[in-house]
Amino acid sequence: MSASRKRTDSSSSSSSSSTFDESEDDSDEDVLERRAIREFDSKADQAASALLYAAELPRINNSAARNKPAAAATVLEYTEALNLFNRLHMCGLQQRALPSEFNPTLITSILNTVKPLFCSDASCLQLSSPVVLFGDIHGEFQQLAKLTDILGRPPGRSYLYLGDYVDRGPQSLETLLYLMLMKILHPTTTFVLRGNHEDRRVYRHFNFENDLMRIFGTSQGQSLSGLFATVLAYMPLCAIINGEVFCCHGGLSPHFNHNRFASCQKALVERINTLSKPVLFRRHDFVADLLWSDPLDLSDYQMPNLRALARTVDEWCDQRIRVIESQFGKAGSVSRARSQTSRVSNHSTMALANSENSKEPIATVVDWLPNPRGISYVFSRSALNEFMKRYKINWMVRGHMFVSNGFNESLGGRCMTLFSAADYAQKYHNTAAVLVIEGTTSSSSREFPGRIIQYTKNSLMGFGGSLPVETNRWPREIANRARVNY
């Protein structure tokens, strides 16, 4: 996600750049994101994403052979993994650098050990409460270690992480290794979803790959970057908690709301789980939407009804241009919308119609708009409602967007965006949050079946002790323990 957007509702979308042109007004982060997205338009990506990875692997493997980090690498024994996790955990609590024994050979061993665990996880996990959810972490390793210390380490506590562990923050490598070691030690209570930054096409344009080259040298750093890319492609993509809370990094896909994809929750899970691992996706796959799409909050106004369903790409583009103009004003919107929609002209025809099950196909509501990020879509409250009705889902939790108070409820309160990096990128003095889901609720209930725990960086790092084992005794805010009695 890009902090410069600060999109917590639909009104802020107007400030986001929708084109791929870099202007003087763009932030560095917006420019980097668009450069990354260009890779999704490469010829290799249009033909098949696997070609993009295949083009990298020979050079990666040759470099790895020269530096021999993989040759001596093995899988870790449990006691070795436990010692490494404890070392890393203490470094996070004491705010120290990565221990020197975490060399390329050891890191390769960690990757070799966690890869089959990610592979054995379903692409769509089915979990039960209680479970603690984290939003974007973005290299804030010290906060991650401190939160784990305060909330409780697995297996006494179950965790679901919603992606974006690397880039922008100061310790991307430590963050990934910490989560991988936790997964190795506690595979049935630690679940690590893939975010859009867990993709070499993206993180090579930010700081994760550069960090690897800075720490280990250019050759070994690039080799490790390729090895990470391979392992990250085995991560699960989404999860359903208690059969009612859908969790992912980005959001929904137009594919989901069509009978050709799935007709019930069981079929949805089975369809997503048919993906072959490693998951190598193209720009217009539903996988890209799970990692990249965003909600458009329509709580204050409704999209205008269109008089007819789009039957061609040109009609689809024109309709969305009219909607964008009505929402965000005409200035610049036509060129932005055409820039976006021209890049989805090879999308399957199922994305051209809005609601296959609409009872009034002559006056349907537009459910999807081109995403200002330049990839995937924004989805409306109507699209979310149709998804929930079809799959008997009551709530949605996702990350992917910066929210200044750590969480944001949108689309009628049924979609929660979670952000877990306080003082994001060392320049935004934001509050962060985690979410604990304790039980279930009925579809008619408007009370979310979970509790938000907020914190600032200072309050988190200055907190002493831990929270009670019973999550119903957790406070709404992690504050100085000297002032609050838990």
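One-based numbering along the chain as shown.
Glycine is treated like the rest: Cβ placed from N, Cα and C.
If you check TrEMBL, you get these features:
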REGION    1-32  region 'Disordered'
COMPBIAS  10-20  compositional bias 'Low complexity'
COMPBIAS  21-31  compositional bias 'Acidic residues'
DOMAIN    193-198  domain 'Serine/threonine specific protein phosphatases'
Within the domain 'Serine/threonine specific protein phosphatases' (193-198), how many residues are helix, strand or coil going by DSSP?
0 helix, 0 strand, 6 coil
In the same chain, which residue numbers or ranges, 6 or more beyond the ends of the domain 'Serine/threonine specific protein phosphatases' (193-198), come under 8 angstroms Cβ to Cβ?
136, 138, 160-167, 206, 208, 232-233, 235-239, 247-250, 279, 291-292, 399-400
Mean pLDDT for the domain 'Serine/threonine specific protein phosphatases' (193-198), as a whole number?
96
